[in-house]
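Student: What TrEMBL records for this protein is below:
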- 31-54: transmembrane segment (TRANSMEM)
- 66-87: transmembrane segment (TRANSMEM)
- 94-112: transmembrane segment (TRANSMEM)
- 118-134: transmembrane segment (TRANSMEM)
- 155-177: transmembrane segment (TRANSMEM)
- 183-202: transmembrane segment (TRANSMEM)
- 245-263: transmembrane segment (TRANSMEM)
- 275-295: transmembrane segment (TRANSMEM)
- 399-416: transmembrane segment (TRANSMEM)
Amino acid sequence: MSSSRDDAMPTRLPLMRAVLERVPESCRRALYFETFYSVGSGTFVALFLLSLAALKTVLHGQAVHLMMLGAMFGGSSLLSPLVGYMAGRVPMRLLVIVPNLVTAVLLLAIALPVAGPMFFTCVVGSCFILRVFPRVGEMNMYRVLYPATHRGLAVGWLKAIAAISALFLTVAGTWWFDNHGTQYWVVYAYAACMLVMGSFCYSRIRIRENGAFGNGDRVSPWVAMRNGWKVFTADKRFVRYQKGFALAGFANHMGMAFIPEILRNADYIAATDRQVFVISAVMPAMLIMASSPFWGRFLDKIDPMSGRALFNLLQTFGYGMYCYGGVSRQIWPMYVGAAFHSISNGGGTINWSTGSLYFAKPENVSIYNSWHVGLTGIRGMIAPLCGWLLLAYFGLGPWMFAVCVVLSLAGSIYMYRLAQTDTGSVEQSHDRVVEGSASSGAG
């Protein structure tokens, strides 16, 4: 029997075909189209660091603009519990597609003849806020599109593709700002076009399961959030997982934004612009891209607590080298630290995206992911402020990274101990029960 044209398309791309052949046939179409979606979404991933650069160099923004953009970027995840409320009313696929299209329109608004860093900050910051819905929606869709046995592989591949796209825009965007600063809007127009392309590809994904993300009870958003909070806190195992996640997660949010500050500050390293760019942007994009496929396969074989324990340990080494480089005023430890930190983030991103699915019953997937991302938003708002206080107000300088080391190591130890008492995946247990019931019925 001949295959459809859509199913034949992947054979023209040898690398993609090799990946598709490693996942069940039932999810190959989804992985194929989500690969191209990841090209579009990956461009948006690169915009945060590029936007900070544009504010600093092209638009001559002040600290207040950088602070606002950082808060809107990190704090946008606070809205994620609303996804759980909307899950029973709006198809999850639309929660991915529509906000991406609105974000694309907003990005095009940067080309308007309205000068000033405040307008730029508000537009780009609003895009970060809108993108919380696709971010959680993608995580929820992983549960429906990919089986637990191959989910890490699929998500690892998707994250690698997104990282390649982000790396391209990071390098090309920096070159464009350096040579065509007054036309900085071109970078954002390109990102908008890529989001539209990605949304079209996502619309081609077929959904095999209905009613997977919630029931459609007609309650207010606040009641839905309160009910979701009760479900979340009732799962003590997931709450313990979130506590361990918060330790190293807080450290990462606290320290990551200030790596360029330590690099550029004449009192510490006084790195060149090129060194700052390579360490804080290019190396992370390259190593996340390179390590994501390996980490995806690795995470399919272990529980998320063990994976997070390893990533937290790598993060500990990374911030330790950052601290040593800043205190000793040497540049080479910063390169080593960036390598450890970036490889850790390569696996940590996949673990962050899929870890909640290990604990959630099918009907609670949206609730678990929403609160998981929401707690990330709280850390994303508070941790950078704490980092600034340690760095500037208390004058710790690079010793601030030592605090990150302690928190990261504590998170690694906590997760390792949590893994020793783990009782297994709720999702796989549920699937086995369903299969057993089907077998009994057939008998």
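Cβ coordinates come from backbone N, Cα and C, glycine included.
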Student: To the transmembrane segment (94-112), which of 118-134, 155-177, 183-202, 275-295, 399-416 is linked by the most Cβ pairs under 8 Å?
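Tutor: Highest pair count goes to 183-202.
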Student: Sort out the residues at least 6 away from either end of the transmembrane segment (31-54), same chain, that have Cβ-Cβ distances under 8 Å to it, and list them.
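Tutor: Answer is 6, 9-10, 16, 19-20, 23, 66, 69-70, 73, 100, 103, 120, 124, 127-128, 131, 134, 138, 145-146, 154, 157-159, 161-170, 173-174, 177, 184, 187-188, 190-191, 194-199, 201-202, 204-205, 280-281, 285.
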Student: When only pairs 6 or more apart in sequence are counted, do the transmembrane segment (275-295) and the transmembrane segment (155-177) reach 3 or more Cβ pairs under 8 Å?
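Tutor: When sequence-distant Cβ pairs are counted, the transmembrane segment (155-177) touches the transmembrane segment (275-295), since at least 3 lie under 8 Å.
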